[in-house]
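Novice: Annotations for this protein, taken from TrEMBL, read as follows:
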- 1-43: signal peptide (SIGNAL)
- 101-128: region 'Disordered' (REGION)
- 101-117: compositional bias 'Polar residues' (COMPBIAS)
- 258-281: region 'Disordered' (REGION)
- 260-279: compositional bias 'Basic and acidic residues' (COMPBIAS)
- 335-388: region 'Disordered' (REGION)
- 341-355: compositional bias 'Low complexity' (COMPBIAS)
- 356-378: compositional bias 'Polar residues' (COMPBIAS)
- 379-388: compositional bias 'Basic and acidic residues' (COMPBIAS)
- 460-558: domain 'DUF11' (DOMAIN)
Amino acid sequence: MTHVVSNPISNLDKRYVMTSFGRSLFFAAAAVCSASLLSSAQAQTSLSTGDGLLKVTSQMPEEVRLGESFNYTVEVSNISDQVTLHRVKLAQKKAEGLSIESVSQQGEKANKQQSQSEAEEKKNSNKNQMLIQMLKPGESRTFDVQAVADQEGEIRSCLEVVSYKPAICLTSEAVKPQLELTKVAPKKANRCNVIKMEYTLKNGGSGDVGPITIKDSLGDGLATIEGNNELKFDIDGLEAGETRKFIARVYASKSGEFGSRAEAKATESDLSSRSKETQTKVVSADLVAKVEGPNRLYGNDLAQFTATITNQGNAPAEDVRVNLMWPEAANLADMSEPQMKSSQSQKNDSKNQSDGQPTPADSEQKSASNQSEGSNDNEQSKQKDMPKMAEKTLTIDALKPGQSATIDYAIRTGELEEIPTKVQATSVCTVDVAEDEEKATTRAIATAMTRAKVVRLPALQLTVVDDEDPVNNGSEVTYTIKVWNEGDALDNNVRLTAELPDGLKFVSADGPTELKEEGQSIQFAPIKKMQPGDEVTYTVKAEGDGEGSVRLTTQLASQSLSSKITAEEPTRIFKR
């Protein structure tokens, strides 16, 4: 794409013809416009291409006479240090109010170039084009352009850089180094701390050296306190035998291994020196959380859990904040202080478990450093199913590499059917002097959770007692039958039957439901639901009809009972 920008001038004196010369604002395919104002001076305009290789300068009269020929020059320069330009082609574009009569190069070099490439010039050159076969670094070519003004008022000529082909030329020269640069960096560093690097530059030559710049590209993950990824020191000069030392403070935005070389370059000469590459291993804390507890518990038993926070990293974790979470509908009954364990004691615990100790239920764990995207999705799904949680926070001063802290806690289940519990451990440290606080902050986070299913069972109890024993033949005896649910869960369809033995005659019965008498059998209608703690009472009245020992038999059935419960009450009948 070519951009041509002109600088038109208004309010022209009609006695003169005005020319204009402008420049492009940026260079894609560069364009140069020549122009002038109403004065007798020469207007000079120059433009460099965006790649820093080519510069075009034009001088044109600011005022010419109508119908008369006039000249202006165009100088084309290679401003690069190492790049040779081939087939540089310029073209006259958008001429307004003037006609180009001729274009020719100045100087002997131009003539020599024309003679060497005469065939090419004839093929490609005309009065509206300028062609340079080769332009070495630092070289220039000047073109004389002869034109004539065709109309009164502002005239304009635009010059466009059509194309050129750059070719780089590399040279190398073996020299005896005079600068000696040494870099010293720690082999191991904590990500939470400032990392100090020392640079020493010595002039080992016999002469002085002018201004020198030391640079070190730290790479991704290391930065200066100001947040730059490149270190730079400017030195005003070094006398023969002089040595300078510099200390740089950097920080790491991630853990890993980092290496780089520093380079010192003299500004006014080719003197330079590179240091040996240094390697620094940046370490950090890596927390792992685990929660152990029962898979199932029964009734109102306490749900007992053990949370373990382990530092599996290579650096201490300071001020570890531990959040324990459990359902708000339950209650935290007890919690211990953190118990610290070394890696060796953990190995012994693992051995004891493998020697026959029971293994608790596994927890659902995740660590900020090793969680996959899929497990994050699973965790989010589980979080949606969790009830509203209560929380308690405690702080562990420090966890050394390989060290663990265990916390035992117990939860009262309340009326819940499941007890989810979660532990989250967080350790945050910041390189305070760094300007970019976010990049200078390290967060080690680990979470784990587990669930215990609460199993609740109904437990029906049955008793029967008589109100008098022994009983005179012909007298009445009343049996009181009690049924209650001393379990933790609801029971359904609770049914009671009573069987009168020979020697007793049925008189009456009463209870919470209707009854049906069939001979010696009394059947009570079912109780649809019995909640935990519910109790009902039945009575059966009978008359003694005989002599000897008899037994009233009662049986209880329900939805939860796999077999009937039987209770008997003996009564002795006598005759006077």
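Quick reminder: no glycine exception, Cβ is built from N, Cα and C everywhere.
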Novice: Could you give me the DSSP helix, strand and coil counts for the compositional bias 'Basic and acidic residues' (260-279)?
Specialist: 0 helix, 11 strand, 9 coil
Novice: So, by DSSP, how many helix, strand and coil residues make up the domain 'DUF11' (460-558)?
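Specialist: Helix/strand/coil tally for the domain 'DUF11' (460-558): 0 helix, 67 strand, 32 coil.
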Novice: Taking the domain 'DUF11' (460-558) alone, what is its mean pLDDT?
Specialist: 92
